[in-house]
Amino acid sequence: MDEELLQEFLAESWENLARLDQEIVRLEHETGNAELLDSIFRTIHTIKGTCGFIGLVNLGTVTHSTENVLGKMRERELPVTRETISLVLKAVDAIKALLEGIEATNSEPQTDHTRLLAQLDAMATGTDLESESDGDEVTVESPIDSVCAASQADLEESSEADGSLSSDQRISDSVWDSQSAAADPSSTETGRRTAADLSIRVNVDVLDGLMDLVGELVLTRNQLLQLARADEESQFGKPITHLNRVTSDLQEGVMKTRMQPIGNAWSRLPRLIRDLEQTTGKSLRLQMSGSETELDRTVLDAIKDPLTHMIRNSADHGIETREARRAVGKQECGTIRLEAHHEGGHVIISIADDGGGIDPEKIKRKAVDRGLITFPDAERLSEQDALQFIFHAGFSTAEKISSVSGRGVGMDVVRTAIEEIGGTIDLNSIVGVGTTIRVKIPLTLAIISALIVESGGECFAIPQLGIVELVRVSAEDSSRIEQINGKKVLRLREHLLPLVHLGEVLDLESRETSDDQTCLNIVVAQIDDMRFGLTVDEVFDTEEIVVKPLGRLLRELPFYQGTTILGDGRVIMILDVAGIATSSGAFDGTVGKPLPTPDENPDTAGVITTLLLFDPGHGRTMAVPLGLVARIEEFPVDRVEQTGEGPVIQYRGTLLPLLPMDNGSHPVVDSATQPVIVFTEGDCSMGLMVREILDIREVMFSIERPSRIPGILGTSIVDGKATEIIDAQHYVTSATPEWFNRSSSTDVASIVVVDDSLFFRQLVKTSLESAGFDVAAFGGAAEALTHLERNPRVDLVIADIDMPQTDGLEFARQVREYKPNDSVPMIALSGHETEKVKRAALDAGYDRFLKKFDSREVAAAIRELYTAPILAKAEAH
C-alpha cells in the first residue's frame with residue numbers, strides 16, 4: 001500500500017467526515033432537504049470509491065452498505081426518520097473507528113461489522129432483520145471484487161455528473177496512471193486540475209517549524225531596532241525599518257496559515273446534543289453563530305474539551321426537563337446558544353442556555369456544608385461571588401451523579417485549561433432565566449505583545465492581554481493609597497484595588513529611591529471580573545516577544561508562564577499575573593471589584609461612559625470616550641519630525657501623522673516628552689498631540705450643551721467642571737484625509753442608526769461615514785421604521801435600546817415582523833451592560849449587544865457578522 005497515497009486519503013476523509021455528523025443531524029430536522037442529503041451521499045460515495053483502489057476491504061464494505069441506505073433515501077424509497085438517522089450515524093462511527101485504526105497502524109483493522117452490515121442491508125431492502133436472524137450467522141455479500149467494480153463504475157458516473165473531482169478521485173487517478181491506464185484528458189479534467197492546483201496540503205510540523213523560525217527572526221528584528229534607536233544617524237536606519245515592516249508582514253502571513261475557524265471545534269457538537277437528548281430525555285436545540293471566527297490551531301486544540309464539557313453541563317444541569325419547562329410556561333425545547341467573535345486580540349466565546357439558572361443560595365449552603373466558607377461569611381457573599389464556587393475543585397450542585405456530569409470534576413478543570421492558555425472565564429446566572437458562560441482567550445500563543453517592566457533591578461514581561469491601564473501615583477496623591485485589613489489598596493475611580501509589590505512577591509532587593517523619585521508605578525491587571533495593582537520600579541515600553549516554555553524545574557512556580565529574549569539579548573521571565581494575584585492573596589476580602597454606587601434611573605441618568613480627560617494645551621479640560629482611543633503614548637520631543645504635510649514620528653515600523661490640538665506644526669509641550677493620543681481607523685493610525693493626560697474617569701455621561709464648533713461635539717459636566725467632548729473623527733480626517741476619500745458610487749453599504757441622543761447619533765454616524773458606509777440616522781423608532789418600509793435594501797441596523805416612547809426592544813420586534821427587513825443584521829447599543837439587558841436584546845431579535853462608545857467593538861461586530869453582504873461592497877469603493 002502506497003503510504004503517501006494512504007495519508008492523502010486519510011487527510012481527505014477526515015476533512016469530509018468533520019462536517020458529516022453535523023449534516024446528518026441537520027437532515028433529521030430538514031427531512032426534505034435534498035441538497036443536504038446529496039452532500040452526505042457524496043461524502044460516503046467518495047470514501048467508498050477510493051477504498052477499492054487501495055485495498056481497504058472492511059472500510060469499503062461498510063461504506064458500500066451505508067451508501068445503499070443513503071441511495072434509497074435519495075430516491076425517496078426510504079423515509080428519513082429518527083431510526084434511519086441513528087443507523088447512519090452508527091455506520092459513520094464505524095467508519096471513523098476503521099480510519100483511526102488505519103491511521104494508527106498503517107493497516108486496516110479486521111473488525112467484525114456483521115451485525116451493522118446486516119442492519120444496513122435490511123433497511124436498504126426493506127426487509128425485517130429479525131425474521132432473517134433466526135440462524136446463527138448472517139452472510140453479507142460484499143466481496144472486495146464487487147466493491148472495486150462498483151467503486152469504479154460509480155466514480156465514472158460521478159465524474160460525468162459532478163462538476164468537480166474531489167481529492168479522493170484525484171488519488172484514484174494517480175493509481176490508474178501508475179498502471180498505465182490513464183484516459184485521455186478532457187477539457188473539463190484540465191479545468192479540474194487547475195482548480196486543484198490552487199491549494200496544497202502541508203504537514204502541521206512544517207508550519208510549527210516555520211513559526212519557530214519567524215519567532216527567531218522577530219527576536220533578531222528587535223535587537224536591530226534597539227541598535228537603530230541608539231544611533232539615529234546610522235546609515236542602517238532605513239534598511240532596518242524596512243526589515244521591521246517585512247518581518248511584521250511575514251509574521252502575519254505565517255500566523256494566517258495556522259489560523260483555523262472555530263467551527264472546526266464545533267462540528268461534533270450537534271451530534272453531541274442529539275446524543276444528550278436521548279440520554280437525558282430532554283428536548284434540546286443548539287444555535288451557533290460566529291463559527292467562521294478564526295484562531296490559532298494550538299488554542300483551538302486547547303479549548304475543544306473544555307467547550308464540550310460546558311455544553312454537557314448546560315444540557316444536563318442548565319436545561320430543565322420537558323415537564324418542568326411546561327410548568328413554568330416555557331417551551332418544551334431548551335435552547336443552548338453558542339457564539340464567538342473577535343474582540344481586540346482575543347476571541348470571545350459565549351455559551352448561554354435558557355434553563356433554570358443557578359441558585360446562589362443553594363451554592364452557599366453547599367459551600368458551608370463542605371466547609372469551604374463559614375455561615376456568617378456566606379451570608380455576606382454577593383450572588384456573583386457565590387457563583388465562583390462553581391469553579392472550586394470537586395464542587396457540584398447536581399443532586400445525583402449521571403453519566404453526563406455531576407461528579408464534581410469539571411468546571412475547575414475547565415477554568416485551569418482556559419487560564420493555561422492565557423484566557424479567562426466568567427459566569428453569570430439568573431434563576432429561572434438561564435446561565436451564560438463567557439470565555440475570553442488569546443488569538444495566538446506563539447508571539448504576543450508584552451509590557452516590559454523592572455523591579456529590584458530585574459526586567460520582566462507582562463502580557464498586555466491582561467493589562468487594563470497604567471497608573472502613576474505621585475507623592476501629592478499618596479492619600480489615594482489606604483490600608484484595609486493590613487493590606488495596601490488604591491482608590492481608583494469606582495474601584496478599591498489591592499496592591500501587590502512585585503519585588504516583595506519575588507523576594508527581590510528593594511531599590512533605594514530619593515525624595516524626588518517617590519512616584520509609584522502601578523500596572524492595573526484584570527483577572528475575570530477582579531482587578532489589582534502590581535507595583536513596579538520602572539515601566540519601559542511594549543515589545544512583541546516570542547514565548548518560550550519554562551524549564552522543568554520552574555514549571556511549578558506560580559509566578560511565571562514562560563521566558564523570552566529581549567532585543568538587547570537578555571533572557572527575562574514572562575509573569576503570570578493570575579498566579580501572582582492568587583499567591584499573594586490579592587483578592588482575599590472584598591477589594592478588587594467596583595465599589596457600590598447609588599441606584600440610577602436608567603430613563604433619566606444618561607450613560608455610564610469611560611472618558612479620557614486631557615489638557616489640549618490652552619488651559620481647558622477636554623475629553624474623548626476611551627473606547628475610541630487605540631493607545632496613549634509619550635514620545636521624546638526630539639523624535640518628532642517635520643514633513644511638508646505636517647509633523648510625523650516613526651512608530652512601530654511606519655510613520656504616524658501627528659496633529660497638534662492648536663492646529664500648529666510644533667509640539668504643544670515645553671518638556672522633553674510629548675503626550676500623544678493615538679486613534680486607529682482600519683489599518684491606519686494618527687496621533688493627537690496634547691499638553692497633558694489628566695485622568696481616566698467612568699462617569700454618568702450626557703451632553704449638556706451641543707456645539708457647532710468643528711471638532712467639538714458638545715460640553716458635559718465631569719467632576720463638577722465643564723468639559724468639552726471632542727469629535728475624534730474630525731481630527732482623524734483632518735490629519736489623514738486621503739484615508740477616507742469615499743467613492744461617489746451609490747453602491748455602498750447602507751446602515752440605519754437609531755438613537756434619541758443627538759450626540760451619540762452623530763458620533764456613530766460620522767464614524768461609519770468615514771469608514772465608507774452610507775448612513776441614515778434617526779432620533780426615534782417611528783422615523784426609522786418608516787425609512788425601512790421605504791428602503792427595504794438596508795444592510796445593517798444599529799439601535800440604542802434605551803430610547804423613550806418606542807424603545808429599542810420593541811423597535812427590533814417590529815423590524816423582525818416586517819418581511820423585507822426581517823433578516824437584516826441588527827446591533828443593539830446600551831449604556832447599561834447587564835446580563836439581563838443583554839438577554840432581553842438578543843431575545844428581541846438583535847444579533848449583537850454592545851456597550852456604547854466602543855467603536856472598535858462595533859467595527860469588530862460588523863466585520864465578524866456581515867463581512868460578505870456589507871464590507872465587500874464598502875471596501876470595493
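A Cβ is built for glycine as well, from the same backbone N, Cα and C atoms used for every other residue.
Residues or ranges marked as domain 'HPt' by TrEMBL: 1-102. DSSP places the residues of the domain 'HPt' (1-102) in helix, strand and coil in these numbers: 86 helix, 0 strand, 16 coil.
The number of other Cβ atoms within 10 Å of the Cβ belonging to HIS45 (phosphohistidine), over all protein chains shown, comes to 24. Per TrEMBL, phosphohistidine is recorded for HIS45.
Residues annotated as region 'Disordered' in TrEMBL: 151-193.
Here TrEMBL flags 175-189 as compositional bias 'Polar residues'.
Annotation source TrEMBL lists domain 'Histidine kinase' at 222-445.
Positions annotated as domain 'CheW-like' by TrEMBL: 447-586 (among others). If you take every residue in the domain 'CheW-like' (447-586) and average the pLDDT, you get 80.
Marked as domain 'CheW-like' by TrEMBL: 608-737 (among others).
Sequence annotations record features per position, and here TrEMBL assigns domain 'Response regulatory' to 750-866.
TrEMBL lists ASP800 with the feature 4-aspartylphosphate.
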Please classify the secondary structure at ASP800 (4-aspartylphosphate) using three-state DSSP. strand
Provide, as an integer number of angstrom, the distance between the C-alpha atoms of ASP800 (4-aspartylphosphate) and HIS45 (phosphohistidine). 51
Counting every protein chain present, what is the number of Cβ atoms, excluding its own, within 10 Å of the Cβ of ASP800 (4-aspartylphosphate)? 23
The correct DSSP tally for the domain 'CheW-like' (447-586) reads 27 helix, 75 strand, 38 coil
